[in-house]
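A.B. asks: Here it is, the structure, as structure tokens.
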Amino acid sequence: MSLPFSQDERDLAAGGILTIDLAALRHNYSAIATRIAPTRTAAVVKADAYGLGASRVAPAFYEAGCRDFFVAHLGEAVALKPFLKPDATLYVLNGLQPGTEAACAREGILPVLNSLEQVENWAALATRLGKKLPALLQFDTGMSRLGLSAKEFDRLLENVTLLSRIDIKFAISHLANGDEPGNAANARQLAKMTALLARLPKLPAALANSGGTFLGKTYYFDLARPGIALYGIDPERQHDFSDKVAHENKKPKHSILPVLTLSARVIQVRDVDKGATVGYGGTYVANGPMRIATIAVGYADGLFRSLSNKGAAFFGDTRLPIIGRVSMDSITLDVTSLPEGTLKLGSLVELIGPHQRLEDVARDCDTIPYEILTALGNRYARVYVYVNGGGTSTTA
């Protein structure tokens, strides 16, 4: 009889280790919640908490005082519900597909109603059940993505019976440029939101996303729903594509802590001669004798092909450039600068951490941190720790 594949063996077999600091997540939530109080602070945990594991991340936010959690799809909410206590409320940002209304009501999950059709479907269920059903109502104030249009809002206000069937908890909208403090579009959206709320007196409202929580009190309203800031990304830095030195020397304006580190295992170290080509297509040619190392992660693990001949890993303080094309399951590094024997089979190199933040990797990929974070995938060994808060680490 064969022995089961143990968790330790799974971790050792993985191509890399993704370490997630739950204490830093709690700190980031508390820092935002304290600063914008008495406005309530929700947590956006869609896409499996931005790829970090909603079943572990959401309870950490709950421990920090969060009671409002936003996901994108009803299935995400149903999956997360068992990991939260009964006084937590789950909201579905994309609203409901036809035929899912009864399941949503049965589970006690609140939909964000984004169109007149969704409002009508939710109200119809309320009529069948003989009771008002709670929901959030979203308005489009300038993003042209989700939410009732001005014409739909006019039609809704004319239908008193329809409105009477729904217990609207919040009127919400979403800022398209909240991470750009100087963008005039923010003020235009705020003005539209204020005008809409004037027609719905005393209704609580929510507008601010991560960036919006740094725009000033007029954007806070009654509930804010930060996302990326909770996961360690300063919303004002994420689009900084300046040179690396300037980027690293720019101190964050806000007390947001990084929440993850990512390391990868070495699977081979070898010496190559001048003229040797590296990787698919031979896009890198050795300009002299050099030592190279292959690590066991690739674009299937969120390290995009755009890092080819461009990005880097670190071993201690030593930068190890990526050479050749990034493959699906492997990346090759120039490790000539390290003494011979420093790296060997199983050694770990840093991909995201104190020497290279998530924003730096995103910049090298010509993308945003959201895309890297949500693409990291499930092939890493995941370790959840309480670094900033002390205590012991636990392995997922």
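FYI, residue positions are counted from 1 along the chain as it appears here.
Positions of Cβ are set from backbone N, Cα and C atoms, glycine also.
Pasting the relevant annotations from Swiss-Prot:
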- LYS46: active site, proton acceptor (ACT_SITE)
- TYR280: active site, proton acceptor (ACT_SITE)
- ARG145, MET328: substrate binding site (BINDING)
- LYS46: N6-(pyridoxal phosphate)lysine (MOD_RES)
A.B. asks: Given the recorded positions LYS46, ARG145, which one has the fewest other C-beta atoms within 10 angstroms of its C-beta?
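C.D. replies: Result for the recorded positions LYS46, ARG145: minimum number of other Cβ atoms within 10 Å at ARG145.
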A.B. asks: Using Cα coordinates, what distance in whole Å links MET328 (substrate binding site) and LYS46 (active site, proton acceptor)?
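C.D. replies: MET328 (substrate binding site) to LYS46 (active site, proton acceptor), Cα-Cα distance: 26 Å.
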A.B. asks: Return the residues near TYR280 (active site, proton acceptor), defined as same-chain residues 6+ apart in sequence whose C-beta is under 8 angstroms from its C-beta, sorted by sequence, else 'none'.
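C.D. replies: In sequence order, GLY324, ARG325, SER327 meet the Cβ cut-off.
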A.B. asks: Quick one: Cα separation, ARG145 (substrate binding site) versus LYS46 (active site, proton acceptor), in Å?
C.D. replies: 17
A.B. asks: Let me know how many other Cβ atoms fall within 10 Å of the Cβ of MET328 (substrate binding site).
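C.D. replies: MET328 (substrate binding site): 10 neighbouring Cβ atoms within 10 Å.
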